[in-house]
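Record features, source TrEMBL:
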- 1-148: domain 'F5/8 type C' (DOMAIN)
- 154-335: domain 'Laminin G' (DOMAIN)
- 342-517: domain 'Laminin G' (DOMAIN)
- 519-556: domain 'EGF-like' (DOMAIN)
- 555-607: domain 'Fibrinogen C-terminal' (DOMAIN)
- 764-929: domain 'Laminin G' (DOMAIN)
- 902-929: disulfide bond (DISULFID)
- 930-968: domain 'EGF-like' (DOMAIN)
- 986-1160: domain 'Laminin G' (DOMAIN)
């Protein structure tokens, strides 16, 4: 036994040859005399450099171990490492699941603690390395090992040898293959398996830079390009570690399972063929005849292979027995293990290796191999003979850099290589001879520098770092100390015996692991989700999420909203958006058009053929067929439609002597196929399962003997157009038309885009009315990644939102006080708590948003827009959250501390729980949650009123000059030369009121002198009439743009002969830009605001003049009218443009000339130039509005843009004068 500091210490070691799968019980009832015997192993020094090594005499398959302290003493080990090796050197550390290296030991001296290995290991040597022990005692152990004998067939390949397995026939064609083997090697490249056929089939399994690569092709290379049929899959890394790795390839047709150790990839081979056709033979360990058609240059394998099976045939056993179907080329049947001692530098601050160096008269040399994931790290330092000089070798940004420091202010540097932090072994050679310094990396061309003096090293050098406690040394780390592995260290062409270093016989060291390379690939398995690229350092991994559409430390969180409805709440406008219907789930984002111009927010999804299509010459035997593609997967379509409240798709269908349904045998002539893949025979707004069109249901078909208009078979164009709205069948994926082959028979159709509105998940809510009630769902599956988001509102100060338990693990989110939300979980390393505190209470009956995430790297908690709280995961420890109870929402498993209030839109890893449906089945919980306007009412703009709905809210825009779901869509009209509009108050509306009340009907508050006018305009023409109001022919009020583009308010009163003018600044507003005007009369004050200025103009006095020329300016502006765009006009509660545009039957509107609905916000100067040259009146379009008047005693028509607003003017004049 090696590593025992005091050889006369009594110890007992035994090996129990039990079944490899014997269950190890905590309460072992059988005799366990070797461990329970007195004595044990206790080294003289209790430190972490001690270990107990067991030689099992031969390779065994180990399934478990047991430990115990020293009987009757305070000596026991609480945690230890388990290492194994075939040769007694080059150790490998056993890791539990989740990469945990430490194994729990004992808590007293006498109890036996068993540990069953998750995966058996096959080894000859075991080493127990104590990490922690009883603080009141010393290291003390008794151990027992469980396992069974292991037999194998082994072959050793020297890099030039191979085995050939010849088939009994010329060619072997298989649709099913199973290849299994184990290998170990110190070399990063080499072919393990190869076979090929003359028509282009091949299969190659090879090591490539320490990764296993499988190349396979099943198609004839003469018929298919190699790029389209070649399949390449890689798996594993760091496989050149001289330890055994298990490989299993299972192929059935084009489906393949590819396994290395415990990691499996499932993939499908490209191409059309299912069989693998291999000619003559399969080769193992190399390609014997490179240059054959279809082969490619590869190195042969150098290492050992055992238990090699091809489709049940033991290849090595046949070779050992020298069977004729096996050709053996320089292969031996025992495994040669080279004696190489690696060393691991574990600390980025304190690791170093001090070694003696004996320089020759003309210089010195060093050589070593190194592998790491870190971009920066100290490699080598030596003081030179001249005290001020030294050589320093280190990694910088993945490059190898050498610095020769001549003096404090003089140095020379050279750099070579790149991306040297790739985890591969790299050979570094440094030598000095005479005045020349030579640096070589791998087999690259050496780099040299010339010095002025000969460089001779002093008697020592440092690898990996410098001691921090030596103050007078000039050895300073230019970067971090090295973290990684070194091996094959040579100084002056002599190998360094690191075992002697370990035993303290030469040199010195700190924070090293000698005789093993403990590098781990933290990107295997890859925890980066959604296609994120994994990179790593020695201690952790990083995910590059650029271009994935996801963010976060593991690319888990979607950067896109889940629906157009969600986008609308961020006050965006219509446009194309990427939506991610399942959020952080596996489905990717998809591009849709979000139409936010109507009262509902529509998601519009186009397909590849939205044009009118004519069909002729089709029959039931040879029908016409069109497939529609929606540029997203069926799973994405399913998620999008399922999330919507309503979906519809229009099919325009017109026919001339072409029938839809009425075949004599009942078979329909035409049908369509939806998302379910089933044939659908209902049309134009009919119902599923009903062989009819909408006219059949409404009983208004042109021939009542049929259920579709087209089935009347008329020699005229008839129509069966309508909407399909049963969303489980949508969208339409295919249409089939089969009755257009008769004389003069034809049909024309158009399948519109899929349109959906609403978001069932966004408003899915439940109200918890008792603190003892809860909803329960199936267990939350979130071993490696948990993302939970929801909204809540409450009036109480505490309560549990959700909880899910395991045996020891748990996850919980709760309101622990009125101003604090806490996220708690435990994955086996102890509870972790994250909390967010708010300066204002959360129990304010407003909706609050909670977003939590937990993954293998980090946990986070965000509430509303408060700062996010993060907690990094520990570098060592459990990473899997193992839950097994039901998920409780609104309460806990103990039914204590329940939640009172509402929870909405609860989403777990992209899946929104149906709270409403579950609430219907649960007493004390109500589906839905009232009071949305208290939180979202502010989203209704421009005077829109928030109205509650069962599952959300709507904005009532009836009293606003705007339209749209949030009253933000401008209502705009372009006026051309010669166009006009008249708005008339109906006489019947005024007849029952006296004259003092006749004009108060347009005011919301009759007796309060407050009146408002708002509108926006865009023009380049002056002068222009923007607003005109009159009581009769002698008095009026006008808002105009002067010839210079200035805004002016003109008026004449009946009581006065003079004309007054109010000037609102000296800015040219006829500049082709959109300007917003607000005029408010309050008491005797008149406020004019231009373009949302912070300080509106306030007029308290009036400029009067009796010059008749003033009236002429108003008349000139009126004669010119208005040419431009007018938008969002509102006079108190009256919105004349909306009435004209959206109430086409209104009798109060009269339109003359050509008016066009438009968007002033998007109108350009070119638009204005265009409308200024249009003078023709091409039909009256009853969609635009220009003028207001009333017909009580007078009707006035202005030919351009005139508003007759009597009561406003009456109140305005009365209030000002």
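Quick reminder: no glycine exception, Cβ is built from N, Cα and C everywhere.
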When counting Cβ pairs under 8 Å to the domain 'Fibrinogen C-terminal' (555-607), the leader among 154-335, 342-517, 764-929: 764-929
Chain-internal residues near residue 902 (disulfide bond), provided their CB is under 8 angstroms and they sit 6+ positions away: 765, 766, 767, 768, 791, 792, 793, 794, 929
Tally of residues which DSSP labels helix, strand or coil - the domain 'EGF-like' (930-968): 7 helix, 12 strand, 20 coil
Residues from the same chain, set at least six apart from the ends of the domain 'EGF-like' (930-968), whose C-beta lies under 8 A from its own: 568-569, 571, 573, 596-601, 645, 758, 760, 762-765, 767, 793, 845-847, 1014-1015, 1128-1130, 1133, 1135, 1137-1138, 1142
Within the domain 'EGF-like' (519-556), residues counted as helix, strand or coil by DSSP: 0 helix, 10 strand, 28 coil
Other CB atoms within 10 A, centred on residue 929 (disulfide bond): 25
